[in-house]
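Quick look at what TrEMBL lists:
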type: DOMAIN; residues: 14-407; note: domain 'Major facilitator superfamily (MFS) profile'
type: TRANSMEM; residues: 12-32; note: transmembrane segment
type: TRANSMEM; residues: 52-70; note: transmembrane segment
type: TRANSMEM; residues: 82-100; note: transmembrane segment
type: TRANSMEM; residues: 106-128; note: transmembrane segment
type: TRANSMEM; residues: 140-163; note: transmembrane segment
type: TRANSMEM; residues: 169-190; note: transmembrane segment
type: TRANSMEM; residues: 227-248; note: transmembrane segment
type: TRANSMEM; residues: 260-280; note: transmembrane segment
type: TRANSMEM; residues: 292-312; note: transmembrane segment
type: TRANSMEM; residues: 318-341; note: transmembrane segment
type: TRANSMEM; residues: 353-375; note: transmembrane segment
type: TRANSMEM; residues: 381-402; note: transmembrane segment
Amino acid sequence: MERCLSDPPDGGYGWVVVTSAFFIMGLTAAVFKNFGLFFLEIQSHYDVLNSTTSWVTSSTIAVFHLGAPLASALSMRLSQRAVIIIGGLLATSGMIIASLDLSLPWMYLSIGVLQGLGVSFSWIPANSMVSHYFRRWRPIAYAIASSGECVFAMGFSPFFQWLIDSYSWQGALLIIGGLQLNLCVCGALMKPLPAAQTSIQDKLVLEESRTSKKGTFQWSLLQRPELLLYIVFAILAATGFFIPPLFLVPYASSLGMEQYWAASVLSVLALADLLGRLACGWLANLRLVRNLKLLTMVVTALGVVLLLLPIAQSYWSILVFVSLYGFLFGCVVAIHVTTIVDIVGLKGFDSALGLFMLLRSSGGFVGPPAAGWLVDWTHDFSASFYLSGLCLVLSGVFVVLVDRLVKKKKLKLPDSCTESETTDHPILKADCADV
């Protein structure tokens, strides 16, 4: 008999997977989110411009996204568990080499390439595992897992600043590399789903409809206009996503705030981000509003908040805008990955996520250096927030277009396919996947 992956258990060991993913998000995305604390240290150490220093972060973002298809393909060929362990070793190696303070090009190689690839190899399979272990509770499960980024970021902000003050930025990177070695432990907990038996009759139908795609990366998904438009949204959103965390601390410092007060802004951002992820994950799980419609609202509001953020000139006014920004950012993050399932289905999720991250890399690669160039040109950190806000508002337009295409496509589906998410019959699932 043919063995194929069982249906999502919606619980059980899935919560161990969610917990493991929680720590993976913390040891990858939270580290990156607080890298703005190192920005001024690295800039002054090498005596370079803002735009030049931004390439360290930009190269990390680019490699993180460019490595996504490879991470997806290796996960299907090997296992998510093995890829996460490899990612942990790569991320640790990158931090250790960066701590040697060889030169700025070596920073691009170590932090950019090794750290970026390590984060990609850990983050992508972790998201995949959560999505495969849950169906009914997928939005809230993903929100809980992704909230690890926020919880760790709250603690990492003062902790990293203390490490820099106590051991220099080089020593801080070495200690962070040691912490990231725990990604290997998290990967070891990612147990693959058990296999399920199917009847011989079902086997024949499944082989006919799925054999050519099973275990292979589905580049053909790029032929779907709704996915292409969603990727355009992702490129614009990525251009704006990675700018504020990088420039918030320099912006606060430029207003005369002490370093620890400026760093505390990132802790408030992380707390608001956490609340946003949990609230939006819970709301998405209620299914009162379509994910795409909800995403349109929150990403547009996020852009508007960033456009208005530069009017804040005091610590408390900055905290107000940062809290709004963090909450809305958390809302976007909570649903923008799981929404891919609404567009291509669970069957194409792994490949679509890889393509999504790969093509989104262009936005993440261009955003920080472009913002750094604007800051150098205008001598005002506010310019970086204007660029970020504009990109996010524009990205919301493309989510509207995707929503219309998905609704139009669903109207053409047979009635039985609307229930395919809740049925356990493999033949019905195969038929609906090909519509």
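Backbone N, Cα and C define each Cβ position, glycine as well.
All TrEMBL annotations are machine predictions without curation.
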Which value does the mean pLDDT take for the domain 'Major facilitator superfamily (MFS) profile' (14-407) in this predicted structure? 83
Per the Cβ under 8 Å criterion, with at least 6 residues separating them from its ends, the transmembrane segment (82-100) contacts 24, 27-28, 71, 74-75, 106-107, 109-111, 113-126, 170-171, 173-174, 176-178, 180-184, 186-188, 190
The transmembrane segment (12-32) and the transmembrane segment (169-190) contact flag, 3+ Cβ pairs under 8 angstroms: yes
Let me spell it out: take the transmembrane segment (292-312), skip the flanking residues so only those 6+ beyond its ends count, and list any with a Cβ under 8 Å from a Cβ in it. 233, 237, 240, 244, 280, 283-284, 318, 320-322, 324-325, 328-329, 331-332, 335-336, 339, 342, 382, 385-386, 388-396, 399-400, 402-403, 406
Spatial neighbours of the transmembrane segment (381-402) not adjacent in sequence (6+ beyond its ends, CB under 8 Å) are 226, 229-230, 232-234, 236-237, 239-241, 243-244, 246-247, 250-251, 254, 292, 295-296, 299-300, 302-310, 343, 363, 367, 370-372, 374-375
Applying the under-8 angstroms CB criterion, which one of 52-70, 140-163, 353-375 scores highest with the transmembrane segment (260-280)? 140-163
Near the transmembrane segment (52-70) in space but 6 or more residues beyond its ends, with Cβ under 8 Å, are 32, 35, 39, 42-43, 46, 104, 107-108, 111-113, 115-117, 119-121, 123-124, 217, 238, 242, 246, 353-361, 364-369, 371-372
